[in-house]
Every structure is written in C-alpha cells, then in structure tokens.
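As annotated by TrEMBL, domain 'PIN' applies to 1-121. The Mg(2+) binding site feature in TrEMBL is assigned to Asp4, Asp99.
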Amino acid sequence: MIVDTSAVVAMMLGEPERAEFSELIRAAAVAGLAAPNYVELALVLDSRGPAIGRELDRVLADHRIRIVSFDPAQARAARLAHRLYGRGSGSRARLNFGDCLAYAAAIVLDEPLLFKGDNFTYTDVRDARAELAR
C-alpha cells in the first residue's frame with residue numbers, strides 16, 4: 001500500500017481514524033510513502049519544531065512505512081493525474097500537488113492508497129480501506 005500524508009497526519013494528531021489507519025498499515029505486506037510526499041510532510045512538520053519531526057520519524061519506523069523512490073513514470077503519472085483530477089480540471093477530486101504525487105506512486109506501483117477524506121474517491125486509484133476491509 002501507498003500511504004498518503006493525510007493518513008500519517010491523522011495518526012500523528014490522534015484523529016478518529018488513527019487506530020484504523022494504524023491497523024491497516026500494520027496488516028499490509030508493504031507500506032510506502034512516496035519520497036516527495038515524505039519531503040513535503042517533513043518540511044511542514046519540521047517547521048513546527050524538532051519534537052514533531054522526531055514524532056514523524058517514530059511513526060514511520062513503528063509502522064514500517066518505507067520511503068519509496070519516485071521515478072520518471074511516476075512523474076508522468078502525477079502530471080496526468082493533475083490534468084484529469086487536479087484543481088481546475090473540473091473533477092470533483094480537486095487533487096493538489098501532493099495528492100497527485102501519492103496518486104502516481106499508487107498507480108504506477110499498482111498498490112492501493114490509504115488516505116483520509118474523499119478526494120481520491122473521485123479518481124481511479126484503489127482505496128486501501130475498501131480493499132483491506134474485505
């Protein structure tokens with residue numbers, strides 16, 4: 001599975017989905033966070049102080065979430081995702097830059113995506129919650 005930053009933040013902030021996301025990630029054979037999503041998330045959190053940055057590292061390690069390389073095929077898929085589902089495309093998904101990166105990693109690696117919210121439900125990406133609940 002690919003983990004979107006929204007799921008990581010939900011776990012870190014103790015949001016209602018925290019336990020569910022944690023269980024799903026632990027049950028997955030593989031859990032990955034796209035490298036550019038990791039950088040984006042880490043920069044935002046590090047700007048809030050070193051403690052929350054360390055918490056990010058702890059959450060990733062505790063859940064065995066690995067940082068996944070981002071390659072040219074994923075870059076092209078992210079560009080297409082923005083064209084099809086990005087803000088300004090007319091799609092109800094209204095994906096932002098980071099969303100397009102997570103979408104691309106999931107699509108190219110043929111993995112379901114774990115996310116919070118409903119924006120990805122308006123795309124063709126596989127929903128990890130739906131797949132792993134079976």
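Even glycines carry a Cβ here, placed using N, Cα and C.
Around the Cβ of Asp99 (Mg(2+) binding site), the number of neighbouring Cβ atoms within 10 Å comes to 28. Sequence-distant contacts (6 or more apart, same chain, Cβ under 8 Å) of Asp4 (Mg(2+) binding site) comprise Asn37, Asp99, Ala102, Leu113, Leu114, Phe115, Lys116, Phe120.
In the three-state DSSP reading, Asp4 (Mg(2+) binding site) counts as coil.
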